[in-house]
């Protein structure tokens, strides 16, 4: 789950970390009031969406008058902002962050993330901040520095010093950085984050180090114990189908194909998608209804899949281990009738009471195709979606 920039900075401030002074606003007048409260002669107005590339898309503006703050906020609020990192129709801007400007001398990059290879937290830094770090890593990988953290010790002093020297920091900036990095690590661990990215981390003209921007992603699997963070979820920033899946407590990822998939188990779901590709088709989604699938979750799955207008067929692949296939078959029949499914439905059942489940489907009087194998199911789905 992603946080907005203003929310991420609130998390930092709650841990006694310094950030630029800023106020979130949901209206143009509130933005103008925020600028007055902050004082000064210039402000930055930032659109709050869950995507990078806001600056190039016109979502970050430096202005020098209260009237300009109001007009920029009015131009952003209530409208979608399209960037290189989001969908073609963009994401809606419901909030802007009005911040003080800073006298910037240098822009750096700093992030903490889960490194899957080492199964530890990695600190990634670069002197080439303020730009797309992926491009920097691709074109000049030597400019990207990485330190792997011991989970028992966290970020150690020698690692802070090594990164600070490599980034060319000295004096107060060096001290600030070496204080900041262990604090960020503690924030990362204490909040079950999967990503904490500061781009840019700026060095000011008076040699202070501050996070000018901040992105946080919380591990979805830890939200049950991070209620304060879970309450910050903004479903307007994610795909409508994924928002519905969150509400139904099923795992859904939208894809670009036209064959809807509903499977119990993530591994089986990926194998199903692979077979669809091998048969020349393209899955429209990843949807895992879980090992303990019920008729209710099957009905919810249908509703979520059919929110995608590109879906031309639905493939259901259920292995009856914990759950009985006849119970799932009854749920499928109920869901098809309830939802009013108008696209072909192909079902592959295997496991406990699979034969009884297939019999129930055959006797339902509905246009449901019962496949004998996963390969056959994938082939039928591709043919029906063509």
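Even glycines carry a Cβ here, placed using N, Cα and C.
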Out of 258, 264, 285, which is the one Swiss-Prot records at the substrate site of 321, 322, 323?
264
Residue among 46, 79 sharing the ATP site, where Swiss-Prot lists 53, 54, 55, 99, 102, 107 as binders:
46
Among the binding-site residues listed here (46, 54), identify the one with the smallest other-Cβ count within 10 Å.
54
Residue 99 (ATP binding site) to residue 321 (substrate binding site) - Cα separation in whole Å:
55
Compile a sequence-ordered list of residues in the same chain as residue 53 (ATP binding site), six or more apart from it, whose Cβ lies below 8 A from its Cβ; state 'none' when nothing qualifies.
83, 84, 85
Return the residue, from the listed binding-site residues 102, 322, with the maximum count of other C-beta atoms within 10 angstroms of its C-beta.
102
Over all shown protein chains, what is the count of other CB atoms within 10 A of the CB belonging to residue 107 (ATP binding site)?
17
